[in-house]
């Protein structure tokens, strides 16, 4: 259970069995205040109210209002004040000491924050700057430079950069020369490409003519074979005999017509040659 001092509001956590069911007097170890503490769960006594106490009729008013009765019994001696149990007192004292230590620790923690940690921040920044300087010196030693040598001025750095760029320009080939070479090599390629494009239709026409002439020769050869071997084909396939006979008759007629045309051409040539011979020179 929790005990709260009515004088200084100090709080103490004690076991429930420390206070008996009928309650007991406890004393604050911080301010020395003593009060009656009822058991846990028991109704608390009414707090002392000075105004209410002053409103009640005092003993003088009571004696003035009513005659003092004769004492029938001798006055009882005042009850001795109950002493605080040493065990309870030690528990309360330990709680008070613990609470005072906690308060002092909190106060010390608040007081030990100078400038909201600015000192720690400055110390951290100094350590970081020192580490950066040490790393730069280490890199300078690895490069073979003197870490204590003064840093180059901006003008010296610019001059060194210009010299380095000039040396790089001398090492690299000239862009204009490369472009002119590429142009000179591209022109023959373009002319060759244009010639190939112009010759492409002619090449295509030749290939078509060659293919067509080949087909004509192939058909003529097939027709000649059918004409020459028509008896054998008719014996092998009797159903084709009428068609083969008609085909042979048609070819014979075509041959006769060609013979007549050839003879006419020969006669015409003979006539032309005889006329030329008779004509005087």
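Glycine too: its Cβ is placed from the backbone N, Cα and C atoms.
Of the given residue ranges 174-192, 193-211, 212-230, TrEMBL assigns the label transmembrane segment to 212-230. Shown for the compositional bias 'Basic and acidic residues' (92-109): DSSP residue counts in helix, strand and coil, namely 18 helix, 0 strand, 0 coil.
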